[in-house]
Amino acid sequence: MRKQNPDFPLSFFKSVQESSHFTTMWKRSCSFLPSLKHSQFTASHFSCTPVHFEPTKKICIIGSGPAGFYFAQNLFKKVPDISIDMLEKLPVPYGLVRYGVAPDHPEVKNVINTFEKVASNKNFKFHGNVTLGRDVKFSELRQAYHAVVLTYGCNEDRELGIPGENLPNVISARKFVGWYNGLPEDKDLEVDLSSETVVVLGQGNVAVDVSRILLSPIDLLKVTDITEYSLQALSQSKVKTVYLIGRRGPLQAAFTIKELREMTKLPGVQTLLQKEHFAGTENIIPNLPRARKRLSELLVTTASKEQEGSRYFRPTFLHKPVEILGSSESGVVQGVKFEINDIDHEKGIARGTGKYEVNECGLVLRSIGYKGTSVDSDIPFDSNRGVVVHENGVYSAGWIHTGPTGVILSTMSDAYDQSNRLIEDINKKTLNVTNSKPGFSAIENTLNSKSVVTVNFEGWKKIDKIEVERGAAVGKPREKIVDVAEMLRIGGS
């Protein structure tokens, strides 16, 4: 048996007195014998009743994607006595992990396991179906919480600014991804796959993702969590050739080697490149940084490789789109007019040659990036850069902080950096967390007055369970519910 410290009452009481957070707890929950000064009293003389105390530091995070969850994870790890409310405009969590990651990349979605651990913290609350700027104002959140963290990402597309961009069947890659991934706002997107040729404008990883989905054998897709309606449309697709077109050269391609290698191994698909685009690169490639060197070497190897297949993936460089052409009768897209560029491979600068060509196609996917927007007029926001501006009590992370670049790993790093900034502000007392704040109770009154139906994390788990059950019935990991009203019927509170 461990020896009892004879000075236990006095030493323990002294340590409690030194902690302002526990003084009240001690007085309210413990009764002592009258003479604490006598050292013969031991722990057996105490009668203590557990008391639950509300955390004093109250933080609100807007957005439930990777940036929001990693931000919360770091706060819980490093800051005691903190509560976090996470508000999400959709009834369900996980943002781009759920709606942006390609369905044939299930391993990327394993980060959800980490997010569920964060959500299991007793001081974490998820509130789905709450839209900032509509259901609750930013100014109301500032009053209710010690700090507000914006992690809602970039929800608009960059545009080309060329004639014909708004023709039927000219679609942003973001919306196309939302369509096959079950994003409620994109579920009714009209996608005509009756043409044999598709032009994808842009050469980032998202552009490669949509190309791969268009060219993948249907048997590979039907065992993923791709939506059933898009699976049916893709099964009837006539698409045989996808052009992936960029303005600069192969040494500046924005996609990564993993995505390119996937395309080179896609059954029944040939990856065809124009050898002339690599002229003059022989002496440059060996001196490139390792990642860029490996990608460039794979491109060169693929350009010379004999392949088989009845479908074609054609990365095409040095083409600048100048106009999207449509039928004079129906207005439907018929092709894209390009100016041919020349490039200084060492400087990476592309210039127009004044020569033009037309690629005929029946579908154009624009994939040239996203931009962040302010969802409430009171948010401190830089409209030129499309990012939130930091000010006392307002923080941001992920794409709405950095701009729309990077992957989940870089988003995690940024979320950790920015949450550490909040922690530093607490420690330096530049962020006042000593005053009492009502937290979600104040926001709840506002939501109730507007009859907003919210979904907590338990409600999400009900939705999740039904999706998994429906998926299992058709041999898929899940069948996503795409109707917000149905989500609310299942998980609303």
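Backbone N, Cα and C define each Cβ position, glycine as well.
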- Figure out which of GLU190, GLU259 sits with GLN203, GLY204, ASN205, VAL206, ARG247, ARG248, GLY406 in the NADP(+) site per TrEMBL. GLU259
- Message: If I go by TrEMBL, which of LEU132, LEU141, LEU160, LEU447 binds FAD at the same site as ALA67, GLU88, LEU96, TRP399, GLY406, VAL407, ILE408?
- Response: LEU132
- Could you round the CA separation between VAL407 (FAD binding site) and ARG248 (NADP(+) binding site) to a whole angstrom and send it over? 22
- Between the binding-site residues GLN203, ASN205, whose Cβ has more other Cβ atoms within 10 Å than any of the rest? GLN203
- Query: Among the binding-site residues GLY204, GLY406, whose Cβ has the fewest other Cβ atoms within 10 Å?
  - Reply: GLY406
- Chain-internal residues near ARG247 (NADP(+) binding site), provided their CB is under 8 angstroms and they sit 6+ positions away: LEU318, HIS319, LYS320, ASN341, ALA350
- Task: Please tell me which one of the binding-site residues listed here (GLN203, VAL206, ARG248) sits closest to LEU132 (FAD binding site), measuring Cα to Cα?
- Result: VAL206
- All chains considered, the count of other Cβ atoms within 10 Å of the Cβ of ILE408 (FAD binding site) is 19
